[in-house]
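Peer 1: Below are the features I grabbed from Swiss-Prot:
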- 34-499: domain 'Topo IIA-type catalytic' (DOMAIN)
- Lys42: site 'Interaction with DNA' (SITE)
- His78: site 'Interaction with DNA' (SITE)
- His80: site 'Interaction with DNA' (SITE)
- Arg91: site 'Interaction with DNA' (SITE)
- Lys97: site 'Interaction with DNA' (SITE)
- Arg121: site 'Transition state stabilizer' (SITE)
- Tyr122: active site, O-(5'-phospho-DNA)-tyrosine intermediate (ACT_SITE)
Amino acid sequence: MEKNKQALLLQAIEDVFAFSFSKYAKYIIQDRALPDLRDGLKPVQRRILYGMYQMGLKPTSPYKKSARAVGEIMGKYHPHGDASIYDAIVRMSQAWKNNLTTISIHGNNGSIDGDNAAAMRYTEARLSPYGFELLKDIEKQLVPFVNNFDDSEVEPSVLPTLLPNLFINGTSGIAAGYATNIAPHNVGELLDGLSYRIENPDCDLKAILKIVKGPDFPTGGLVYFEQELANIYQTGKGKFVIQAKYETNTAFGQNQIVITEIPYETVKANIVKQIEELISDNKLSALESVIDSSDRSGIRIIINHKDFLSADKIMAFLFKHTQLQVNFNLNNTVIANRCPVRVGLLAYFDQFLAFAHELIINSAKYDLALANKRLEIIKGLIKAVSMIDEIIRLIRRATDKQDAKTKLIDKYAFTLNQAEAIVSLRLYQLTNTDIKVLFAEQKELEQTIQTAERLIAKPQARNQLLQAQFFQYKKQFNQPRRAQIVGLIEKQKVQDSDFIEHKEVGLLISHDGIYFKFEPEQLAKHLVEFKSEQDQLIFGGVVQNSDYFFMVTSLGNIITVPIYKTLSNTKTKMNELLAKKPILMEDEKLVLAGIVNPDKMEQQLLVLTSQCGMVKRVELSKVINTKQIKSSCCMALRERDKLVNAFVQTKGEPKLVCLVSSSNSFATFLAEEIPIISNKGIGVKGIKLKAEEKVRFAMPLQDNDALVVINSDGGVYNFEVVELAVASRMSVGKKLIPKTKTPVSCFAANKHSEIIGHRGKNGSDLFTLNELNRLPKSTVSQMRLFKWS
């Protein structure tokens, strides 16, 4: 116990955390998330390739279960869970994620639609030809090997590849304090660029960029950049914009846009879903339908559209609102000399070529050592064959193998290796050896030694070998460029208003929040057909599809909605008007709906009246919000109060405002007496009310108007403005109709006004004021009446 106590280390907890996290962060940076500059691989990818190589899973070998490979790799090299290993194997096999796949999977390895791969127990895997090439000459020990996690195995610290894999397939990852996002490039362009750099070591970046034209994504697309390409590849950091490639078509009289290539790292099914949501939400009325007709031959997303917008404009809208356009933020952060650094294209080429020279030197040294050792033996065998009889007698007289070796060394001056080779041969092999074959092998070995020595000594020889190897790789792995480099992107401010169908539409809006948009010629028909015993219309008319309408609610809120974003030809509740965006609270009613007129809005005021008699005016331009569909306050209300009326007043008109209470009191006063205050103000008293008395109606009055009052038994009362007792604000209302009569409708009208009379289930009729006066009371009593125009 005392011994254990002495072994304890007392240390502050913050120091323990700091040390542990810094150690962990260093591990994450160096050995997990960032790729090595030389082979372009993260540790898990390198271990997968090496583990499968050790299992003999060559491109020509039979496939083996992925689960077996995962178990081997996890048990020997990467003890971080089977899921991470299998996910990496799957990604390394996906052609839409890599320009050249390093692993070949037999079975379901996922799809560009985001489908998961089959479980590892169902799929089979092996190295692809490209992946196998990354491991070429691994057995020569050309690179340092390190112990695995439990020191039971060794693994390469880097693969001895002469392929610029870092830029061929690209990669991405996030470490502690560092991130990387390297774009894939065309293998042929990279190999040509490396060859050009070898021939012209002093060339500048612009010369290389004539060969390496930019990223080449496996899914194709159009590539733009926001700054000069040279700046991006000089610093190793910048932004590319990738757009889908499309073509236009007409089939069976239907205008079509056909998407044939999508941006890198996007999911096709998600793109189709985004377009479907735009259609269902009526975000762009030109869109009609989308069909995914993709198959094994390639991507084919068909978008049917109306012809009032061009295909280019529709695609501009889709680029803004879907993943048909994405940004690729280039960040070439890699591990070089065990440190994270950001490299440009020239820096990468130079460091990769330096690594390639190192590999060639190590390979030449390895070949040289083997050739010298074999040449020593061949020379001994040639010497032995020339004195075959003496050698045979010596071996037969020897007491054992060691005695024979000693005598060969002492008597004939053979080296130890030569003597070992001679005594290891059976006598019949020794006697039957063809000296011509030995001389031919000697010559071949001497040439090998000469070549190896030249490669070790002369950089020019190594460069020639590299260029020949790059040429061979280009023949073996080159692919046509998929992504089209367009150039600098022109920043265009695309607004939703650019995509509106400019036409007239009919529009009806009711007190209960029923919204109906239809063809303008059907207005009269829908007015007559409007049926509701409890609801009533508050707006109707022919408007422009590009207009905005605003609504004032009983809770003192105002909402502005663009008409072009709403659905047509169906009666819709206001909370279903915009998908996933309720705009009215429960029991919230509409008291006013109108069209926003930007040219007149600065001269317009919104006059608001609550049932408790509060009135206020607010500048319309300060409460209208056309940038977003959002309910905002236009009048603060006390508890148990609600808005009963709102109307728009042009400054200076109308002159009078009339409030009608639940006890038939009519208070008329000048509109100028109502103060203009902020949207969150409560307002001022407009009429003196008795206990339990409420304001039921409020309306503006012009000089030539008549105040029309309809009571419950169908009586119609018309009062000229001069008959009203105009008083000051906050006065007691005047009794204009008998106390026994209950007003059910009240509005200002003139001889040109039209009145709508709702007849319940029988529909609605339009009347002039004079016609209404001539109707029998029994007919009027069955109607809910209000002014139409």
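Placement of Cβ uses the backbone N, Cα and C atoms for every residue, glycine included.
Given the structure is predicted, the values throughout are model-derived calculations rather than measurements.
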Peer 1: May I ask which of the recorded positions Lys42, Arg91, Lys97, Arg121, Tyr122 is closest to His78 (site 'Interaction with DNA') if we compare their C-alpha atoms?
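Peer 2: If we rank Lys42, Arg91, Lys97, Arg121, Tyr122 by Cα distance to His78 (site 'Interaction with DNA'), first place goes to Lys42.
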Peer 1: What whole-number Å value do you get for the CA-CA distance of His80 (site 'Interaction with DNA') and Lys42 (site 'Interaction with DNA')?
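Peer 2: If we compare the Cα positions of His80 (site 'Interaction with DNA') and Lys42 (site 'Interaction with DNA'), the gap is 14 Å.
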Peer 1: So of His78, His80, Arg91, which of the recorded sites has the fewest other Cβ atoms within 10 Å around its own Cβ?
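Peer 2: Relative to the other recorded sites in His78, His80, Arg91, His80 has the fewest Cβ atoms within 10 Å.
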Peer 1: Inside 10 Å of the Cβ of Lys97 (site 'Interaction with DNA'), count up the other Cβ atoms and send me the figure.
Peer 2: 20
Peer 1: Quick one: pull the CA-CA distance for Lys97 (site 'Interaction with DNA') versus Tyr122 (active site, O-(5'-phospho-DNA)-tyrosine intermediate), whole Å only.
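Peer 2: Here the two Cα atoms lie 22 Å apart.
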Peer 1: Please give the average pLDDT for the domain 'Topo IIA-type catalytic' (34-499) in this predicted model.
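Peer 2: Averaging the confidence scores along the domain 'Topo IIA-type catalytic' (34-499) gives 93.
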Peer 1: DSSP secondary structure for Lys42 (site 'Interaction with DNA'), reduced to helix/strand/coil, please.
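Peer 2: For Lys42 (site 'Interaction with DNA') - judged by DSSP and reduced to three states - the answer is coil.
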Peer 1: In whole Å, how far is Lys42 (site 'Interaction with DNA') from Arg91 (site 'Interaction with DNA') when you measure between their Cα atoms?
Peer 2: 13
Peer 1: To the nearest Å, how far is the Cα of Tyr122 (active site, O-(5'-phospho-DNA)-tyrosine intermediate) from the Cα of Lys42 (site 'Interaction with DNA')?
Peer 2: 26
Peer 1: Under 8 Å Cβ to Cβ from Arg121 (site 'Transition state stabilizer'), same chain, six or more residues apart: give me those in sequence order, or none if nothing qualifies.
Peer 2: Lys65, Ser66, Ala67
Peer 1: Can you tell me the three-state DSSP label for His80 (site 'Interaction with DNA')?
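Peer 2: It is coil.
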Peer 1: Identify, among the recorded positions Lys42, Tyr122, the residue whose Cβ has the fewest other Cβ atoms within 10 Å in this structure.
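Peer 2: Result for the recorded positions Lys42, Tyr122: minimum number of other Cβ atoms within 10 Å at Tyr122.
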